[in-house]
Amino acid sequence: MAEFKEAPAGASVGVKTMTWLENRFPTAFDAYKVHMSEYYAPKNFNWWYIFGSLALLVLVIQIVTGIFLVMHYKPDAGLAFASVEYIMRDVPWGWLIRYMHSTGASAFFIVVYLHMFRGLIYGSYRKPRELVWIFGCAIFLCLMAEAFMGYLLPWGQMSYWGAQVIVNLFAAIPFVGPDLALMIRGDYVVGDATLNRFFSFHVIAVPLVLLGLVVAHLLALHDVGSNNPDGVEIKKGPKDAQGRPLDGVPFHPFYTVHDIYGVCLFLMAFTAIIFFAPEFGGYFLEYNNFIPADPLKTPPHIAPVWYFTPYYSMLRATTDVMVNVLVGVVGIAAVVSFLKGKFGGAAKVALLVAAAALIFLLKVFDAKFWGVVVMGGAVIILFFLPWLDHSPVKSIRYRPDWHKYVYAVFVVFFLVLGYLGIQPPSDMGTLVAQVGTLFYFGFFLLMPWWSRLGTTKPVPDRVNFHAH
Ligand code: HEM
């Protein structure tokens, strides 16, 4: 056990209390130093670096408002819809709690998408931060599961039919699909059993995993240290006599103050939406979800909430024609690798066999199944990003200028896919979504090739920082 510290003679009650606490719980004080007052973060952070803290804030908002919602919500197919209406109309401040939670769900995705994009442009997933990124991707998966299951709970028409459509997708998996879908629903159609298990996962199982992953995400980050807009490792740069990086500043107070400022701006936008536009034109709360679930009446147009629509578009884009295009792409890729690849003969033959097997599978299973694979693959591929990017530099700042256009087109296609996923299907929309889907996967799968191309700019030894 560490030596007991003594408060200096004549110390204030505050100092005495802290000394008393530190003697009994030194771990907490050490953690504060390691993660706050002595965590040296690069001094050139820009506004892209606010979204991690905002994600933490939204996580807390969701947990706290969720706890209060559960006090009045009834996870029963016969009572759920009315219990939400009761929260909205009769529970004191219930409307505020509910709108905070529903707006929080969309805010979470906005913040997390921006947070991920920051990682993408500054190469924050590259060595030594691969695990930080992987924990992040796992968080993103959990977040999607959490939002999907939470959406069933109000038991409106969209809750019901959205769950029906998505759970039915699992039935497209060969051999095990129908049993899997049955297991997820707990019934032959979405029903009370489904509502109960989604409730249980939404309020306890997934949040626990999410919290664990967020802790792992932050611990892993603080072990290797933060990246920055220049992609320069401050730990490798010059240090002071105590071994502290000269290009770093203690997280507290520098970035706590910075983040509080960002939090204030965020809360202004967040509260404006809650008070003036909580449905946000039907994007945050869909109008059809104000109609109680009716298993006998399918709504004419079923669309998921906006944050899922890019992936939903990819699912809808995977038609028979698209599968034929994929067969062509796999064939061409295999022939080009065979002719141009700089690897051994045995590997080339193995590649051809693998491509032939994939083409066979593409033609054997139906397009709906491949749609599910494409939709899932669009998220899973993110896990591999650290090994797909072969650029000699991390940050977009020092990459060839045309890389910026590649990222810009990627963002535009992602937004267009998101837009198309909200719209009812059309021939033109499907075609654009197919091009978008090919670009999305091409962006990642061809990254080992294109990320190496072009002339990079010289990366400075120290971070770029201009005092305000
Ligand atoms: C609940 C969700 C999340 C929370 C609360 C969270 C929290 C944080 C915080 C507080 C930081 C440090 C501050 C910052 O760099 O912004 C951070 C950094 C980071 N996060 Fe997340 N994060 C979440 C989700 C994600 C996701 C989904 C990804 C990627 C798939 C991700 C990837 C990263 C990366 C790569 C860093 C290091 C950035 C750098 O050093 O440049 N995070 N995260």
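Please read every residue number as a count from 1 along the shown chain.
Cβ coordinates come from backbone N, Cα and C, glycine included.
Bear in mind that TrEMBL entries carry predicted annotations, made automatically and left uncurated.
Residues or ranges marked as domain 'Cytochrome b/b6 N-terminal region profile' by TrEMBL: 17-230.
The transmembrane segment annotation in TrEMBL covers 47-73 (among others).
Marked as transmembrane segment by TrEMBL: 93-115 (among others). Residues 48, 51-52, 54-55, 58-59, 61-62, 65-66, 68-69, 72, 84, 86-87, 136, 139-140, 143, 147, 150, 266, 270, 273-274, 278, 280, 283-285, 305-307 of the same chain lie 6 or more positions beyond the ends of the transmembrane segment (93-115) yet place their CB under 8 Å from a CB of it.
The Cβ of His101 (heme b b562 binding site) lies under 8 Å from the Cβ of Ile61, Gln62, Thr65, Gly66, Leu69, each of these being in the same chain and 6 or more residues away along the sequence. Classification of His101 (heme b b562 binding site) by DSSP places it within a helix. Per TrEMBL, heme b b562 binding site is recorded for His101, His202.
Cβ neighbour count for His217 (heme b b566 binding site): 20 (other Cβ atoms within 10 Å of its Cβ, all protein chains included). Mapped onto three states, the DSSP output places His217 (heme b b566 binding site) in helix. Annotation comment: TrEMBL describes His115, His217 as heme b b566 binding site.
Per TrEMBL, the feature transmembrane segment maps to 131-152 (among others).
Outside the transmembrane segment (158-177), and at least 6 residues removed from its termini, the chain residues within Cβ reach (under 8 Å) are 148, 151-152, 184-185, 189-190, 194, 198, 286, 288-289, 293-295, 298-299, 302, 304, 315, 365-366, 368-369, 371-372, 375. Summarising the annotation, TrEMBL assigns transmembrane segment to 158-177 (among others).
The transmembrane segment feature in TrEMBL is assigned to 198-220 (among others).
For the recorded site, His222 (ubiquinone binding site), the DSSP three-state label reads helix. Residues or ranges marked as ubiquinone binding site by TrEMBL: His222.
Look at TrEMBL and you will find 241-461 tagged as domain 'Cytochrome b/b6 C-terminal region profile'.
Annotation source TrEMBL lists transmembrane segment at 260-277 (among others). Residues 47, 50, 53-54, 57, 96, 99-100, 103-104, 107, 111, 284 of the same chain, all 6+ positions outside the transmembrane segment (260-277), place their C-beta atoms under 8 angstroms from a C-beta of that stretch.
Long-range Cβ contacts of the transmembrane segment (321-339) within its own chain (Cβ-Cβ under 8 Å, at least 6 residues beyond either end) map to 348, 351-352, 354-356, 358-359, 362-363, 367, 370, 434, 437-438. Residues annotated as transmembrane segment in TrEMBL: 321-339 (among others).
Sequence-remote contacts of a segment are chain residues at least 6 beyond its ends whose Cβ falls under 8 Å from one of its Cβ atoms, and for the transmembrane segment (345-362) they are 323, 326-327, 330-331, 333-334, 337-338, 370. Annotated transmembrane segment per TrEMBL: 345-362 (among others), in sequence order.
Among the features that TrEMBL reports, transmembrane segment is placed at 369-385 (among others).
The transmembrane segment annotation in TrEMBL covers 405-422 (among others). Outside the transmembrane segment (405-422) by six or more residues, the chain places 117, 120-121, 283, 303-304, 306, 308-314, 316, 396, 429, 432-433, 435-437, 439-440, 443, 450 with a CB less than 8 A from a CB of the stretch.
Residues annotated as transmembrane segment in TrEMBL: 429-450 (among others).
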Completion exercise
Taking only the CA atoms, the spacing between His115 (heme b b566 binding site) and His222 (ubiquinone binding site), expressed in whole angstrom, is 17
Exercise for the section: Would you mind reading off the Cα separation of His217 (heme b b566 binding site) from His202 (heme b b562 binding site), to the nearest angstrom? Expected result: 21
Handout entry: Feature contact check the transmembrane segment (429-450) with the transmembrane segment (198-220), CB under 8 Å, 3 or more pairs
Key = no
Fill in the blank from the handout: Ordered by sequence, the long-range same-chain Cβ contacts of His222 (ubiquinone binding site) under 8 Å (at least 6 apart) are Val34, His35, Tyr39
Fill in the blank from the handout: Checking the binding-site residues His101, His202, His222 against ligand 1, those whose Cβ falls under 6 Å of one of its atoms come out as none
Completion exercise
Reduced DSSP state (H/G/I helix, E/B strand, rest coil) at His115 (heme b b566 binding site) is helix
